[in-house]
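Below is one structure; the comments refer to it alone.
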Amino acid sequence: MARGEKGRGEGPAKSALRKVRTATLVINLARGWQQWANENSTRQAQEPTGWMPGGARESDQPSGPVIHPTTHQKVQSAPKSPSPKPGGYGAGQSSEGATEVSPIKRKEVTKTIVSKAYERGGDVSHLSHRYEKDGDEPEPEQPESDIDRLLRSHGSPTRRRKCANLVSELTKGWKEMEQEEQEELKCRSDSIDTEDSGYGGETEERPEQDGEQVAIARIKRPLPSQANRFTEKLNCKAQRKYSQVGHLKGRWQQWADEHIQSQKLNPFSDEFDYELAMSTRLHKGDEGYGRPKEGTRTAERAKRAEEHIYREIMDMCFIIRTMAHPRRDGKIQVTFGDLFDRYVRISDKVVGILMRARKHGLVDFEGEMLWQGRDDHVVITLLK
């Protein structure tokens, strides 16, 4: 009974102590947040004001920063009545809280302000309007503006876009000029034919009209010389020859033609042409007979398999070289049974590799085929 009463007496005391600790923790946390809010508001008030829309109209007003009292400052400015704190927390604790460092971590963040698309619209339109002109340099007496610096710099996206458009227009203009020249020659030949036939109409007004047409044509575009025409033709041919789009289109067309031709020769395809396959197949003795077509995946797999088999042949020759001492003539001889017992631990293709090595002239043995158990006494000679 005494232990139960003692436990009941300690329960309220522990709960009261827990409440006091919780209240203390909340008070310290609130004090830290209040200190951080005060420091943040003071820092923001001391920082210079940034750019705001309509800054030209606001320049007439005094440039001093306007500080609006926050809710935290209003609460602090109001008179506070001292309230009793449990656990003996009085003015001493408040003085200690003022001197202690705020537990809230702060980190400086640098933010770059980038103008929006609608804000850059005016500059882009001004740049495009200026570039559409003849591209005159600014007058020497005028100071160089930001627009001139953008136009002179190589990193201007507007300038790159305009240059690309200008190049594309020039390439299109070459073809149009050729067509116009052909049309003019055709019209002149037709007019000469009509004059010779006598159905040209009034002969007095025609020379004046022809002169006006020639003048208008000269105002639009001067007549090119023979050298200029030759240069333009070369440029047009070069553009047609080295055009990226045309080159890509030609490559796709070439691939499509090759695919159609290969499907006609493929016996597993629905488009297989038996007569074409029989007429184009290789016969014994022709170059490439019995081998896959160069550049295909079958040829790549065959090359990898050949390299793998060659490595295994070299490994077998090395094993034979380590099994016995060379004779006086420099050749090494081992029996098939001993070689089989040694090499079977490395690979199970003992007979196949031996046959391949004999084909390449690296080893020699009697008989066309070797059988384990029956041909264990057969001597295998390493030639190289």
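Cβ coordinates come from backbone N, Cα and C, glycine included.
Here Swiss-Prot flags 1-11 as compositional bias 'Basic and acidic residues'.
The annotation compositional bias 'Polar residues' is assigned in Swiss-Prot to 35-47.
If you look up Swiss-Prot, you'll see 134-145 marked as compositional bias 'Acidic residues'.
Taken from Swiss-Prot, the feature phosphoserine applies to Ser156 (among others).
If you look up Swiss-Prot, you'll see Ser191 (among others) marked as phosphoserine.
Annotation comment: Swiss-Prot describes 1-20 (among others) as region 'Disordered'.
Sequence annotations record features per position, and here Swiss-Prot assigns region 'Disordered' to 32-159 (among others).
Per Swiss-Prot, the feature region 'Disordered' maps to 181-211 (among others).
Among the features that Swiss-Prot reports, region 'Actin-binding 1' is placed at 202-302.
The region 'Interaction with actin' annotation in Swiss-Prot covers 243-288 (among others).
Annotated region 'Actin-binding 2' per Swiss-Prot: 303-384, in sequence order.
Residues annotated as region 'Interaction with actin' in Swiss-Prot: 355-384 (among others). The predicted model assigns the region 'Interaction with actin' (355-384) a mean pLDDT of 91.
Beyond its flanks by at least six residues, the region 'Interaction with actin' (355-384) meets 309, 313, 316-317, 320-321, 331-337, 339-340 of its own chain at Cβ-Cβ distances under 8 Å.
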